[in-house]
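Reading through the structure tokens given below for one structure.
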Amino acid sequence: MLRAVSRAVSRAAVRCAWRSGPSVARPLAMSRSPAPRAVSGAPLRPGTVLGTMEMGRRMDASASAATVRAFLERGLNELDTAFMYCDGQSESILGSLGLGLGSGDCTVKIATKANPWDGKSLKPDSVRSQLETSLKRLQCPRVDLFYLHAPDHGTPIVETLQACQQLHQEGKFVELGLSNYASWEVAEIYTLCKSNGWILPTVYQGMYNATTRQVETELLPCLRYFGLRFYAYNPLAGGLLTGKYRYEDKDGKQPEGRFFGNSWSETYRNRFWKEHHFEAIALVEKALKTTYGTSAPSMTSAALRWMYHHSQLQGTRGDAVILGMSSLEQLEQNLAATEEGPLEPAVVEAFNQAWNVVAHECPNYFR
């Protein structure tokens, strides 16, 4: 079964490549995901990246392959994983799909990350070990985008960056990315890389959604100044912005998900599971009903439309939203929402009011 699904995924990738035109040898610069075209002079919307954190956990290999196929068949082509996702199963599943990741003529782009957790570090040996292990799992010679997943405050950053430069020179990754770093750390890293002639970071992956906007104050201006594009994770606040939860649910038995039943559950509950967040969601839900009546979009749709049309993401700068999922149905619903138009002004204002309700306890974007 998996073999058949894998072949289907590979065929989808070929069709995607065909739509993109003949294959050509690429220089050492990453091809970005095709962003949605502007309609009638509207601003270019942010791109969409497939987040694969649940592959190997809530999604088995067959279900994972089906979601990748559905994603590619929409003409999208960037996949995001990490060394640590599901103890490496996410990378292994992606590597088993026969996509030809990392080859010169592959139009499907892959990103992974090295982290400083669970006995790992960002010391040179650990960075190399993590990346080379990821390449083996992904069955590819190089990744298109290699992130430092979070700061390692016990390792001098210059050592980490030197290691990244060496790995880049060896052809093991194309672009360097940062995630969960403070804005001052981004400035320090960029300056160090530039002064030493090392590969410059070009992408930052950070937490951003309609009720988690801390990045707007300092980080986004920093990224604009240094020319990094921004990829937003947690666009639905781990699922809280779907509106399917109630604050009292934390005290009862819940099905497995971001907030319950896994090693990251406590982190996500500490991040988003707060009374003010539920009050903020109620404000938006009321505005949706008042504004749209019986044709009101779902809370999920509204939250994603806010990201694509009303946030500070800019498609012209190559910004993107990372869409995760725990099923094919969920992915298809989320992708449909990304193609919908802007929200009515009253709902946008309700989202602003919601942000004001939770701003005082917004989780930090850095670690």
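Start at 1 and count along the chain as shown; that gives each residue its number.
Just so you know, glycine gets a Cβ as well, placed from its N, Cα and C.
For H149 (substrate binding site), the Cβ neighbour count at a 10 Å cut-off comes to 24, with all displayed protein chains included. The feature substrate binding site is assigned by Swiss-Prot to H149, Y268, R271, R367.
For 27-46, the entry in Swiss-Prot reads region 'Disordered'.
Residue environment of K113 (site 'Lowers pKa of active site Tyr') contains 25 other Cβ atoms, counted within 10 Å of its Cβ in all protein chains. Sequence annotations record features per position, and here Swiss-Prot assigns site 'Lowers pKa of active site Tyr' to K113.
Swiss-Prot lists 1-46 with the feature transit peptide, giving sequence analysis as the kind of evidence.
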Could you state the CA-to-CA distance between K113 (site 'Lowers pKa of active site Tyr') and R367 (substrate binding site) to the nearest Å? 15
Cβ atoms other than its own within 10 Å of the Cβ of Y268 (substrate binding site), all chains, total 20
Quick check on the binding-site residues R271, R367: which one has the highest count of other Cβ atoms within 10 Å of its Cβ? R271
